[in-house]
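The block underneath contains the structure these notes are about, expressed in structure tokens.
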């Protein structure tokens, strides 16, 4: 555990002290080394917790998310090179340190076995993202986006803290491995239902449930590219991971807590994917699509079967890779045309033909084309939900249909059509961008071959 956390902390003096010429190369190579070293966590074991220290341990549920978070740090640093070109060197250093400080917090949040430490790291990831959005965003509306993000997460996570303290006062321990041994209290009192509700709502806001999702499109639209990659690929997964962790503590979950969350999640998947069809803003379209995907994850986490947990895990990993890649592609368009409006960036295929192939790959994986892991995950979740109640197939089926519709709509409007008249000259796509896209697609294509690493 420490052999990953210590180098990520040592990235901070490297970003602050490396000479100006080698700043980007040093930080990216070091973080890529950390990412390759973290791959050994994926080896499947029969032990419940690997590398068990007193507070951290790696489970089969947390190791894929840990590897994903280590893998995305070099990609975020690589993606934000271009829009920091004209900044003074100290600001570049501060940006990179803001990206690096969030990393050990995410690693702690995914690997901890103690609920209080989990809560602390879960909240500590909020601060660097807030700094990223409100300082390095593109428009002046980024301040309102930052306040939305802050107040949504803080108001929702205060009951979580109260519940954790209440649990500690009752059981005397907060270790997950100890809490699993305590027999469940079959009391249907107000305190148990309210504490279950409080445990759930904090993660429901983080992995946005439909109705609590309003901070997400704002934050995505205003964030810089590294901020929205971080938000889409890791912080949404914190919510799903928290749901998968805490629902196991409240066994068996009472039915009147199931139903509102399940209906909201599935109906929200339907609603947000139909919102996507009317969207004019590229980044906001991708943000709403990630809301609809995480709705499936929430619905799968609520019914607590083996199949649904495996499907939720695979969907979280593959959605992290695909949505992060889509944000990178939208950012390459934005850096060339300086607008996110779909009507002003259409017809890019004759100008950047190689980028068009990356767009095609990302959109097909987002649409859950077979044989991608997205399709596998959506199918397992749908089978589990259908087994739970046959009526859910209506909602999930229409949601997948609309997903295919808006991804194809996005592909056609950005790549095909007549070129807008205001684009006269456009810069070529660089090697850095192509490397970024390949590093996103290679894990997706390799996971098709061995998907049991992440289930």
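Each position is counted from 1, following the chain as shown.
Using the three backbone atoms N, Cα and C, a Cβ is placed for every residue, glycine included.
Worth saying up front: this structure is predicted, and the values here are computed from it rather than measured.
These features come from TrEMBL:
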type: DOMAIN; residues: 1-109; note: domain 'NADH:ubiquinone oxidoreductase chain 4 N-terminal'
type: TRANSMEM; residues: 93-110; note: transmembrane segment
type: DOMAIN; residues: 113-403; note: domain 'NADH:quinone oxidoreductase/Mrp antiporter transmembrane'
type: TRANSMEM; residues: 116-137; note: transmembrane segment
type: TRANSMEM; residues: 149-169; note: transmembrane segment
type: TRANSMEM; residues: 189-212; note: transmembrane segment
type: TRANSMEM; residues: 224-244; note: transmembrane segment
type: TRANSMEM; residues: 256-277; note: transmembrane segment
type: TRANSMEM; residues: 284-303; note: transmembrane segment
type: TRANSMEM; residues: 309-329; note: transmembrane segment
type: TRANSMEM; residues: 381-409; note: transmembrane segment
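Simply put, out of 116-137, 149-169, 284-303, 284-303 has the most Cβ pairs sitting under 8 Å from the transmembrane segment (381-409). Remote same-chain residues near the transmembrane segment (116-137) are listed as 55, 95, 98-99, 101-102, 105-106, 108-109, 143, 145-146, 149-150, 153-154, 157, 160-161, 164, 168, 174, 206, 219, 222-224, 226-227, 230-231, 235, 238, 242, 245 (criterion: CB distance under 8 Å, separation of at least six residues from the stretch ends).
Using a cut-off of 8 Å between Cβ atoms, the transmembrane segment (256-277) and the transmembrane segment (224-244) share fewer than three residue pairs, counting only pairs 6 or more apart in sequence. Long-range contacts of the transmembrane segment (309-329) within the same chain, counting only residues at least 6 positions beyond its ends with a Cβ under 8 Å from a Cβ of the stretch, are 61, 64-65, 68, 72, 75, 79, 220, 225, 228-229, 232-234, 236-237, 240-241, 244, 283, 286, 289-290, 293-294, 296-297, 300-301, 355, 358-359, 362-363, 365-366, 372-374, 376-381, 384, 433, 436-437, 440-441, 443-444, 447, 451, 454-455. Residues of the domain 'NADH:ubiquinone oxidoreductase chain 4 N-terminal' (1-109) grouped by DSSP class, helix first, strand second and coil last, total 80 helix, 3 strand, 26 coil. If one looks beyond the transmembrane segment (93-110) by at least 6 residues along the same chain, the residues whose Cβ comes under 8 Å of a Cβ in the stretch are 4-5, 8-9, 11-12, 15-16, 23, 27, 56, 62, 65-66, 69-70, 73, 76-77, 80, 84, 87, 117-118, 121-122, 124-125, 128-129, 131-132, 136, 226, 230, 234, 238, 241.
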